[in-house]
Amino acid sequence: MRGGKLIFVGCILISLFAQISAVKKSYIVYLGSHSHGPDATLEDYELVESSHYKLLGSYVGSEEKARDAIIYSYTKNINGFAATMEENEAEEIAKHPDVLSVFENTIHKLQTSRSWSFVDMDNAERDRIGALWTKAKFGRDIIIATLDSGVWPESKSFSDEGMAQVPSKWRGYCENNTKDGVPCNRKLIGARYFNKGIRAFNPDLNITNSARDTDGHGTHTLSTAGGNFVPGASYFGYANGTIKGGAPGARVAAYKTCWAEFCMDADLLAGFEAAIHDKVDVLSLSIGSAPVTRGLDYLDDALAIGSLHAVAKGITVVCAAGNNGPDGTIVNVAPWFLSVGASTIDREYLSSLRLGHVTVIKGATQESETLPQNRLYPLINSSDAAAHGVAQGDAALCDDSSLDPEKVKGKIVVCMGGVVDADTKTSNVREAGGVGVVIVNQTEEADYLTVGPNFLPSTMISYKHGLTLLSYMESTNKPLGNISPPESRIGVIRAPVVADFSSRGPSNSTPEILKPDVIAPGVNILAAFSPDGSSTDIMGDTRSTPYALLSGTSMACPHVSGVAALLKMIHRDWSPAAIKSAIMTTARTRDNKKQTIRDYTHEEATPFLYGNGHIRPNRAADPGLVYDITTDDYLNFLCALGFNATYLSNLTETPYFTCPSEPMRLENLNYPAISVPALDKTFTVTRTLKNVGSPGTYKVHVVAPSGVDVVVTPAELSFSRVGEEKSFRVAMTSKHRRIGKGYTFGRMVWSDGKHYVRSAVAVNVVA
């Protein structure tokens, strides 16, 4: 048995649960898949449940005790159960020959728009792609679901105006489908909740039996993926315009598996089980777990297990890459995930700082509170306003209880950025009686203006402008200033830029799979929100809003989920891997200035930050070729990691799976990107391309990683029909000067003159 895991924090707050019993904990007992098929009856499910009671009963003393201990019995697609038991009982049951793994019911964390435009196309191509989306009716009849903190059903984003009847395949429903509960319609067709796992973890936690969203995260992500068109949306006047989800015509369903920002393994598996049974098409998971350190840990992770079962049923699973950046490791790295990092958009939120009667400094804000513009206010450096006994360094950061109210009252306070969250700085200034806040970036190297709502007139300025400000304040005995009312503008800044919080590769567990897969908009994304939630998390901020600007890979993930839904509507026969390939190989690595995408320090980013690049939904509709992967391919991948055939045969409904006599090289999984973590002189990888477009001949172009020679054989592939597959080899040879210098990056592009099938290449030369 492999034990619990440290869970990394997502985009919102960090908190701790109450201590739990040292005697008993809740565990997941994973048994693989079921022998019954899709036409199973209620009797079949009852037989499975009975077998779970019998199995656990043999270890806890009786079936009656087992019935009391079991939290969930997974009977439909995933075979297993969640139960409370002592550690020694969990260790013993893990030895049973039918048990694939036993792992503790641990915590995962939530990882807290504008429309896409047709770019880089001639008129004919623009019309052709536009016709494809029109034909897709923006995803009509495709069902997108989230495992998240639920939904606010009254949001206009979930209006069913103009929508036809619910697809006949749908098996789901809304729990407590009443006006006072969670009412469904032809748009929002499912809403269920799962909380037995978190109740077992902490029985004293105050949670409700409802799928209604009380914090806003679930509503935001679901509407980003599939929300309907809503004109006149804004966040307290910011980003005013029409919002929509990635697939505005899609049906949506919410499976509430997360409570107070926490998501337990047992509840997540129950959500997966329901979503698969209900026949969803796309699953969007804005959830992060601990970085997996070994490939053998994949099947000790509810997200990886549930997603593998979903993908085997033809469901595309899109997930957040994690908010552990810039130094933290990427999460959700199993190859069957479509892992998404976060990028900025080209919308700027401006609020200038006026110094005296002349100088104006450009700043950034998202705060709707404003100062009267007919007067100037005294400015004070927070380090000069330190409370008695407080170090100047703490006061400079506007840390908790660091400011003297007598020195701050009625003034605009200048705080240094970093260490303490901006909203905390602002809250502390407000409590001390300040009327405004200026936050100054501390370093020129990372001059990245991260703005958010602060509940006080505020602006953030660059390091360079900070020097101008401090110079002015030192030049006069009575420095004065004012903060201008905020405004938002589009198309004036470089984008996309990889967000500072977006987790980076390589993967710790399987560096042979290049992650993340792509990046998508994840900074200051406007989407629907729960009126019961706080968009600032600032104490005392009781403002309610139907829309909010949030940031995180949580926000990037549903953008890609919406694209996946549109592709599924157009190409009903595509596998999840084909959809992922189309999104990855049509992504681009240049920004709106036609330069290589940068990170927040203004340095050129690499595939460890952006994967194959930034999504381009229009191009993904017609990729030309795809790299397809079957369920057996994933099982062969797991064979190569060390899982045996007997174990893996229980994962599928085909009981006769066998591992290859010679294990595959992990690098040879037919992935749309190439990663070689240990190039020892020479290495060759193989790939297979499938034609999903018109007949044609594709030629390869390679930009070799520095210090590596790359030869592709054959260099030309001809396709005469849809579905035809052709394989090729990529031979890499290291150069001595590159040894020990870390990863180097390149790219490979197959093109017929019309389509460009791009793959990132990452190589670490060791000899």
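First residue shown is number 1, and so on along the chain.
Note that Cβ sites are derived from N, Cα and C of the backbone, with glycine treated the same way.
All TrEMBL annotations are machine predictions without curation.
What TrEMBL says about this one:
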- D148: active site, charge relay system (ACT_SITE)
- H217: active site, charge relay system (ACT_SITE)
- S554: active site, charge relay system (ACT_SITE)
- 26-110: domain 'Inhibitor I9' (DOMAIN)
- 668-763: domain 'Subtilisin-like protease fibronectin type-III' (DOMAIN)
- 1-22: signal peptide (SIGNAL)
The domain 'Inhibitor I9' (26-110), counted residue by residue under DSSP: helix, strand, coil: 33 helix, 28 strand, 24 coil
Tally of residues which DSSP labels helix, strand or coil - the domain 'Subtilisin-like protease fibronectin type-III' (668-763): 4 helix, 61 strand, 31 coil
Separation of alpha carbons, H217 (active site, charge relay system) and D148 (active site, charge relay system) (Å): 7
C-beta crowding around D148 (active site, charge relay system), within 10 angstroms: 28
Other C-beta atoms that fall within 10 angstroms of the C-beta of H217 (active site, charge relay system): 30
Cα distance (Å, whole number) from H217 (active site, charge relay system) to S554 (active site, charge relay system): 9
Per-residue pLDDT averaged over the domain 'Subtilisin-like protease fibronectin type-III' (668-763), given as an integer: 95
